[in-house]
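Asker: The structure follows.
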Amino acid sequence: MGLLERLRKEWFILGIVLVIAVARLEPAVGVKGGPLKPEITITYIAVSAIFFNSGLSLKTEELTSALMHVKLHLFVQIFTLVFFPTAIWLFLQLLSITPINEWLLKGLQTVGCMPPPVSSAVILTKAVGGNEAAAIFNSAFGSFLGIVITPLLLLLFLGSSSSVPFTSIFSQLFMTVVVPLIIGQIVRRYIKDWLERKKPPFGAISSCVLLMIIYTTFCDTFANPNIDLDKFSLIIVVFIIFSVQMSFMFLTFLFSTRNNSSFTPADTVAIVFCSTHKSLTLG
């Protein structure tokens, strides 16, 4: 395989590196309140576009079948909202005796209590041919559960509480996830033949939207002048996050590929991404 062909095949990974580099050079462009207005274009338009795209590309029978896959849904939600935060809490009890910055450790626990991601799990599952319909359901359902469960988990593990605008978050999720998905399904019924004949690059479109989300996220990160952390703690935490992510992905892969699991390879892909990724946006 030539270099050009390899670059073309791995364009998404290269895109991630590129958008992070651009965000580092000029974070003011994609920061909240900046020219791109990510609080509107990303929070509402980009996420809506992802689910409209999924509704347009998925067959209705695939969505219906995914709704009935109760075993898969239970696995994902229990792993991400029960096992994940509990395992992180136990792990952080060991790390609390180290010199790592305590606020970074609290940040890890906070991330561990978040629900499944609204967009990235769906896009990544679709990109590698997984059960996209199951990923959509679990991302949406997990996000709605997270409105109630995540604050309770934070209270349990960190002892911190706050008021949560349930109505506004619920309505935002409904308008950016459920409604675009339904509209996509309706539009699909009228242009089904054209879609099957032309086969638009739905996966590439969703991946480009995800790159936009990654770009604005890193713009916010690099634009924050108040980050004052010692390099030791930062490097160790990056290593911990990578290790935890890989370990949990491997663990979900093992559980979902057992002989008696009844999960298909496509189901396993959805499980691995939905169970181990966390929604920082909703958080």
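If you go along the chain as it appears here, the first residue is 1 and each next one adds 1.
Positions of Cβ are set from backbone N, Cα and C atoms, glycine also.
Bear in mind that TrEMBL entries carry predicted annotations, made automatically and left uncurated.
As annotated by TrEMBL, transmembrane segment applies to 12-29, 41-58, 70-91, 103-124, 136-157, 169-190, 202-223, 235-255.
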Asker: Counting a contact as 3 or more Cβ pairs under 8 Å, with residues at least 6 apart in sequence, do the transmembrane segment (41-58) and the transmembrane segment (235-255) touch?
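Answerer: Between the transmembrane segment (235-255) and the transmembrane segment (41-58), which are separate recorded stretches, there is no contact, as judged by 3 or more close Cβ pairs.
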Asker: For the transmembrane segment (70-91), give me same-chain residues lying six or more residues beyond its boundaries with a C-beta closer than 8 angstroms to one of its C-beta atoms, as numbers and ranges.
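Answerer: The answer is 108-109, 112-113, 115-116, 131, 134, 137-138, 141-142, 145-146, 149-150, 153, 157, 244, 248, 252, 255-256, 262-263, 267, 270-271, 274-276, 278.
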